[in-house]
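Per Swiss-Prot, the feature signal peptide maps to 1-29; the stated evidence is sequence analysis. What Swiss-Prot records for 30-147, 220-236, 298-313, 377-384 is topological domain 'Extracellular'. The disulfide bond annotation in Swiss-Prot covers Cys56-Cys82, Cys73-Cys113, Cys96-Cys135, Cys236-Cys306, and the record cites similarity to another entry as its basis. Annotation comment: Swiss-Prot describes Asn74, Asn126, Asn131 as N-linked glycosylation site, evidence class sequence analysis. What Swiss-Prot records for 148-170, 199-219, 237-259, 277-297, 314-337, 358-376, 385-411 is transmembrane segment. Swiss-Prot lists 171-198, 260-276, 338-357, 412-498 with the feature topological domain 'Cytoplasmic'.
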Amino acid sequence: MRFTLTRWCLTLFIFLNRPLPVLPDSADGAHTPTLEPEPFLYILGKQRMLEAQHRCYDRMQKLPPYQGEGLYCNRTWDGWSCWDDTPAGVLAEQYCPDYFPDFDAAEKVTKYCGEDGDWYRHPESNISWSNYTMCNAFTPDKLQNAYILYYLAIVGHSLSILTLLISLGIFMFLRYFNLLAPFNALLYPTRSISCQRVTLHKNMFLTYVLNSIIIIVHLVVIVPNGELVKRDPPICKVLHFFHQYMMSCNYFWMLCEGVYLHTLIVVSVFAEGQRLWWYHVLGWGFPLIPTTAHAITRAVLFNDNCWLSVDTNLLYIIHGPVMAALVVNFFFLLNILRVLVKKLKESQEAESHMYLKAVRATLILVPLLGVQFVVLPWRPSTPLLGKIYDYVVHSLIHFQGFFVAIIYCFCNHEVQGALKRQWNQYQAQRWAGRRSTRAANAAAATAAAAAALAETVEIPVYICHQEPREEPAGEEPVVEVEGVEVIAMEVLEQETSA
């Protein structure tokens, strides 16, 4: 999977700004392709065609003369593709060039060598003609697919932002009330480790939020705006810099999660609280190095419009460390599963139940560590499988923040239990407040009635200061709000400590 998200954004930009094919359906040696004067399209397309033309001329000079018998068509460069010597009456074919995203490199271009040993000439122009119609025959389908992926990205990242912000709010709320118990008795035996785990979660959730916001801005502001890309303002490249930085931070905080879990489970289950500042340096600080190096080299060596092109190996400055982080997390996952299966075997559980737990642990850890991008690295070449691959991979990319928020916050039993306890405490305080208010109103009414009776019988004022009457035996004593809160907090602390 080579720069999947970046390449898709480039393809979508081409389609949204030019839904019709970029190149005409034919080519010949005397024809020079015409491109609209958009620097981004012109530079990329012409540069790749010139490189292919130089390779073709070198090849024609190095190949030996035609060794066959009979008439043949001479080797030639038709403007887009290189053709070898071809016997008369043969339809030569090769794969379509990949100069432009709307050309399908999986389709084929054909060129017919006539019986007279001359390349076929188009009847209208009377010049040699190559059939490139299949190269862009499926452009409307690709355009429709690009629009679907475009809206899938908008919906996925918007939903991820919403759920992640709610999750961060829940973590902040539970942290404020000090209610969040350890997530798992095996993985997190102490309260401090639980707090460290939540801190890692919050940082990773924050990278998801910031990355999704930047991607939405990029898709809404940059991708559909061909005029903006043509002007190539500095803010365009600044946005690209932060996009690459937040993407790197996202994957390196996944690596932080993997390092933390691996240290906790494999190295020492009963380890003391780890130093979190190392994780902050790795998650927030280290991605600045490859991102800054990429920005400098890109500005000097490959300064294309808005840095949208993927036709440069400079992207490996960023994607190389990201790929390394994913591979490391993949091995962490395998080692963690090995330890978990070993512990399940030692507990003498049923074999089916043991493997069910192992599978469940795998499914939970996969989105956290991002190893799905290691398992699905290459796109199939067939159209149907390629389309299925696109939808699966882009769903995982755009909805990953949503999946992580659901699994590690909303579906977490400890988070649910803490929220229920806080809700029950709130209900108890509210109910006690209502009872106290009703009791105060009743006491005020009784005092008013006693005062009216005293005025009627002319009782001295000091008699109103007599001792309060005893409560009837069948009536419950009024409980103050403060008492209820103290008792509830004591019970809650006992449950938490247990």
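Backbone N, Cα and C define each Cβ position, glycine as well.
Taking residue pairs at least 6 apart in sequence, the transmembrane segment (385-411) and the transmembrane segment (148-170) share three or more C-beta contacts under 8 angstroms. Cys73 (disulfide bond) carries a strand DSSP state (E or B). Here the transmembrane segment (199-219) lies next to the transmembrane segment (277-297) in space: the count of CB pairs under 8 Å, restricted to residues six or more apart, reaches at least 3. Scoring each of the glycosylation sites (Asn74, Asn126, Asn131) by how many neighbouring Cβ atoms lie within 10 Å, the top position goes to Asn131. Under the DSSP three-state reduction, Asn131 (N-linked glycosylation site) is assigned to strand. DSSP classifies Cys82 (disulfide bond) as strand under the three-state reduction.
Cys135 (disulfide bond) has Cys82 as its nearest neighbour among the recorded positions Asn74, Cys82, Cys113, Cys236, Cys306, going by CA to CA distance.
Cys73 (disulfide bond) is 44 Å away from Cys306 (disulfide bond) when you measure Cα to Cα. Sequence-distant contacts of Cys236 (disulfide bond), defined as residues of its own chain at least six apart whose C-beta falls under 8 angstroms from its C-beta, comprise Ile222, Leu228, Val229, Asn305, Cys306, Trp307. DSSP classifies Cys236 (disulfide bond) as helix under the three-state reduction.
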